[in-house]
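Enquirer: Below you'll find the structure I mean.
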Amino acid sequence: MENVFYFLASLTLLCALMVVLSKNPVHSIIFLIITFFTISAHYILLNAQFLAAVNIIVYAGAIMVLFLFVIMFLSVGKNDHDPKASAVTRITGTIAGGLLFIVMFAALKDAHVGTYDAENFNSQIGMVENLGKVLFTKYLLPFELASVLFLVAMVGAVMLGKKETGERHF
Amino acid sequence: MESVDLIYKGIFILVIFGITLLIATYSTYFERKIAAFIQDRVGPNRAGPFGLLQPLADAGKLFFKEEFIPAKANKALFIIGPGIAMLVATMSSAVIPFGDMLIVGGREIWLQAIDVNIGVLYVFGIVSLGVYGLMIGGWASNNKFSLLGAIRAASQNISYELAMGLSLIAVLMMTGSLSLREIAEQQQGFNWNIWYQPLGFIIFLVCAFAETNRTPFDLPESEAELIGGYHTEYGSMKLGMYLFAEYINIFVVSAVMSTLYFGAYNFPFMENLRSAISDPVLANNVVTLVGVAVMFAKIFAFIFFFMWVRWTLPRFRYDQLMKLGWQILIPLAILNMVLTGGAILLKDSLF
């Protein structure tokens, strides 16, 4: 099992790196999709099948399709176009990356791997039934608030996309 | 899991894979025969008896055509596109229960490749991935018409996925399980979900037509009035893969509809047949085998329905298609959900 984890983890990191390193934005998106798949595989290793499926449906199935949509529209016809980055961009990029590295280092310096109680560990905790029970009892208020947030976002999108009076699309 | 079980599962998955491909192959033949029947023609009758070898002849022709990759196309993605379409299409039949349990030599054999407790979500996730094959292929062709075709296909699939998911929720509320086998088991005998969910089934059926790009929703292709769609630049077997993936999708969606709404392998008077045979093992096996036959009969009936509609109805205009999806089907699906919830509460408080 450990070997599977190491294989998956290295695959995830490799794909995530390729998202950043790819010259072509469409390739970046495809690597991001593969990254979501490997993350779902991690969820399955943790016996959280519901999260794995929902991760695929929501991220790989819906959000990335919209990403692909936008990128395809924007970058059509200039596939091999690679503008040279200016000196200022490079310097700021290096500084920002270095700062992020310092923050990560500082955060991980004192971190230690948490232990778990193998005796009392409930392997069924990630199943749909248990997840649903926890969401609708213990975390009911945050859950409802999150759904209200989604509703507000949806109404906002409809407001922005609504036809003005007298405007015609067809 | 024992190694015998593993070997059995491997064989079963291969068999399901083979059956899927076989049914998809002969769907092309029956499509042409049914089209001929509806239009009062003869249809393919040259290759073999009754033209039964026609699909093989078609495949041979496609394989020997010139492999053509347009200049300036994104070569890798252009080749991967049909592969993704095919891969995604063949994946979802893994969780469909084609039958109940067989008892062979004291060993229980379940006629389902894998039983996951999130079966419905698995199918739904795979369906939502189906769009990538088309989009990547359409974009990689480096042709504006292909790109427009791919965008047409993608926006249609995304729009109808929503209504499909919402109509599914009503079924899940009734059964209280995401496992396709449990959903099938609860429809014992003639207690099918269609009697409780007629509206949900109609919504699901319409969305299934849209998801598989079949007439009256075949705007992604619409070969007669628009440029071919996402596969404009494709030829030879790569085009064949796209078309083949469509037939596999029809088979899979027919199987899903039979499982969710038409009782999967259950048939009326199932228990009477079981009690008529005295030996319990034999009775179980006979009932299971009849159940498999019934399941495939249901699937074939749905495939025939898909073809019947294709050669009967004209296609929608694109704005009408979007309007149907967003303004009619989604509100109807939500209404169906509310009604189902109310009915469940009413039943709980009354009985």
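Using N, Cα and C of the backbone, Cβ positions are placed for all residues, glycine too.
Feature list, courtesy of TrEMBL:
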TRANSMEM  B:6-29  transmembrane segment
TRANSMEM  B:76-99  transmembrane segment
TRANSMEM  B:119-141  transmembrane segment
TRANSMEM  B:162-180  transmembrane segment
TRANSMEM  B:192-210  transmembrane segment
TRANSMEM  B:247-267  transmembrane segment
TRANSMEM  B:287-308  transmembrane segment
TRANSMEM  B:328-346  transmembrane segment
Enquirer: Any contact between the transmembrane segment (B:287-308) and the transmembrane segment (B:76-99), i.e. 3 or more CB pairs below 8 Å with pairs at least 6 residues apart?
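Expert: Answer yes: the transmembrane segment (B:287-308) meets the transmembrane segment (B:76-99) with 3 or more Cβ pairs below 8 Å.
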Enquirer: Counting only residues 6+ away from its ends, which parts of the chain sit with a Cβ under 8 Å from the transmembrane segment (B:192-210)?
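Expert: Distant Cβ neighbours of the transmembrane segment (B:192-210) are 156-157, 159-161, 163-164, 166-168, 170-171, 174-175, 183, 216-217, 253, 256-257, 260-263, 266, 306, 309, 321, 324-325, 329, 332-333, 335-336, 339-340.
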Enquirer: Near the transmembrane segment (B:6-29), which same-chain residues lie under 8 Å Cβ to Cβ, leaving out any that are not at least 6 residues past its ends?
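Expert: Hits for the transmembrane segment (B:6-29): 44, 51-52, 54-55, 58-59, 90, 93-94, 98, 109, 111, 113-114, 243-244, 247-248, 250-252, 299, 303, 307.
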Enquirer: In terms of Cβ proximity under 8 Å, which residues at least six beyond the ends of the transmembrane segment (B:119-141) contact it?
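Expert: Result: 70, 73-78, 80-86, 88-89, 91-92, 94-96, 147, 149-151, 153-154, 157-158, 161, 164-165, 168, 172, 178-181, 183, 211, 220, 229-234, 242, 245, 249, 256, 260.
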